[in-house]
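Per TrEMBL, the features are:
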- 318-371: domain 'HAMP' (DOMAIN)
- 383-449: domain 'PAS' (DOMAIN)
- 497-717: domain 'Histidine kinase' (DOMAIN)
- 20-38: transmembrane segment (TRANSMEM)
- 50-70: transmembrane segment (TRANSMEM)
- 91-116: transmembrane segment (TRANSMEM)
- 296-317: transmembrane segment (TRANSMEM)
Amino acid sequence: MRRLSLLSENDNTIRRLEWAVLLLFAGLLVGSYVFLNGQSDRTDLISPPLTAALLVANLIPAILLLVLFGRRIAKGRAAKSAIGSSGRLHVRLVALFSLLASVPMLLVVIFASLLFQYGVEFWFSDRARGMLENANDLARGYYSQNQRDVGEETITMAGDLRNLLKETNIASPDFAEAYVFQVLTRKLNESAIVEYGKDGVARTAAAVEPDSRDQRTKITDAVINQLKAGESYVVTAKSNKIEAVTALDLNGDIFLYAARDSNMLALSQWERAQEVLQDYDDLFSRSRSLQLQFNIALFVISLLIVGLALWIALVVADRMVRPVGELVHAAKRVTEGDLATRVPTPMERDEIGTLGRAFNRMTERLETQTTALLTANEQLGSRRAFIETVLESVTAGIISLNIDGEIRLINSRAQALLAKEGDNLLDRQISEIAPEFSDLIADDIENTIIEFTSGTEIRTLEVKIVAENSGHVITFEDITQRLLDQRRAAWSDVARRIAHEIKNPLTPIQLAAERLQRRFGKNIGEGEEIFTQLTGTIVRQVGDLRNIVDEFSSFARMPKPVFRMDNLVDIVKQAVFLQDVAHPKIAFTFEAEQQEVPLVCDRRQLGQALTNILKNAVEAIEQRSENDQDFNLADGQILINVDANDGKLSIILDDNGAGLPADRERIIEPYMTTREKGTGLGLAIVKKIVEEHFGDISFSDAPTAGTRVEIIFDPMKLERLGQNSAAPAIHDENVRSFGAIRKQTAKKVRK
């Protein structure tokens, strides 16, 4: 922005300078015109220094205007070029060429103006004019002298002939001889005696060396009138001769004509002198105009020279900028991704040509390398996609760290295990996301099992850490369910053994206590009450032990489910109804969008599972009412919802009881309970029943207070089991056989 502001201020300054120079130039022109027209005598020359000063004073602002105009043209041409710059190169070349042309030109103009002015001043000085006039006077005097000589010779010859005519006749040979002698001795070339008769007709009385013309035509009325007016002779100068006429007998109208050939060289010199003097007078009258014209010519030529220099500067700048502009245009295309672009191969072997060839080599290499890089990137992209597909398909979480502990790669399973779904974990520190992993890396632990709090759940993770030069790769897997299955299998085996070892002596003990009560109870006397109380205690405790053993047996050896098509809504309603009747103070709410929800299931086992879940919800509400003084049993609420969407069936139970414990992942483990009288087998049995129905069960916090239990079934999987009835039949037979064995054993004990 600051640079743009400076450029704008610079343009404004240049614009003001242009107007100032234009006004100065106009003022100087007007001032010079007024000064020149104000001179009193416009034929007088202006002094050379003043003329040169006026010329230079007008020339300098004119050159500045021309340079500024050239600057505008340069900027416009630069803006239209491929570079599209502010035209600094053009402007600098214009300024340089203008300076190189203007400085010597001004010196030459000053010198030429002064030289011409002083020359003109000398040419039109009095001295030069005097020389020309003297030469002309000499030529005129020489020519006039010749004319006087011819006239005087003619007068003298006329006197001699006049005397001779007194002695002889004009037609006599003596007169003719004397006449010829007179003409030749006086160096005349021709002569004639013309007589006018009474009739007014001129006749040639005598002639010497006459030319082809009639001499009578030489004596005109104007000549006769001049002679009669008192002129002694009349001389006429022709181009080739000097003619003179005088009177022999003025009364008798007899005239003498004489002519001498002119000196052609002298005549031409005299005529030339007259022409030179005439031309000189004409030039002198136009001397000031010529002076101004010469200075104007110098002014125009100077501007033409500067303009030519500007034009050369623009041409040179264009030639210099054109390859640079081609390079800039090619560079822009390269930045846009067109690596196949090339600049025209320059023919010049200068720096610009070298730069163009280097640019072409560079783009050629870039194109080759880019093609190779694109190919490599495609291969890397394919490999990366393959690796990402593999990473997304594995069940383990994988995190790649750089040397600084920043996450470079993480799969979706890792985000799910860390409860960070949807978060952008790239470039974040592992210490922020999972401090447990950061501690393992700091302690150089490669393989271990840790407990990790994922949101509100505690998970058991098996962690493996591999150190690399570029960082670490962490692989971890959730083994919570695996450990739970292992513990459940172990507890199932333990339960089976306990049931086998404890159940066998329970029946004889109970039967023995009952027999003692019947046989000896009435014969004891004073100790009968105590005896009866003791035997009753034995029977009751044996019954309690039998119940525990029965639960062990149920958990260790649950019967196989009998899958038949049934209505899930009826099963849920029945379980809710039983609990609602047993616990009238608690509000049970059942919701179902459809009254008929078909499901292939074991009605008895599924009802048992729902009953166990409802019992746990009731016990959680009772526990909260005991621990929370602000919560009464009547405030308890249990909401059951059956929903069928997206091909799945779900049963959602929400209560407002005490809620889940901290180690909520272990609540489905066998013998895991938070109540004093609980066996810890209820939810374990529920988990097993749900799994045998190919379903999933999850525990979470309810939207309000309490616990949410969600059971999801896949009807399509269960539908394939609907016609399998062999297993249930075998199971029923086994149950009946086991009951018969129990009855036979009881009879033997009684005996």
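A Cβ is built for glycine as well, from the same backbone N, Cα and C atoms used for every other residue.
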* Asked: Per-residue pLDDT averaged over the domain 'Histidine kinase' (497-717) comes to what?
  -> 80
* To do: Please work out the helix, strand and coil residue numbers for the domain 'PAS' (383-449) from the DSSP assignment.
  => 29 helix, 15 strand, 23 coil
* Secondary structure composition of the domain 'HAMP' (318-371) [DSSP: H/G/I, E/B, coil] -> 39 helix, 0 strand, 15 coil
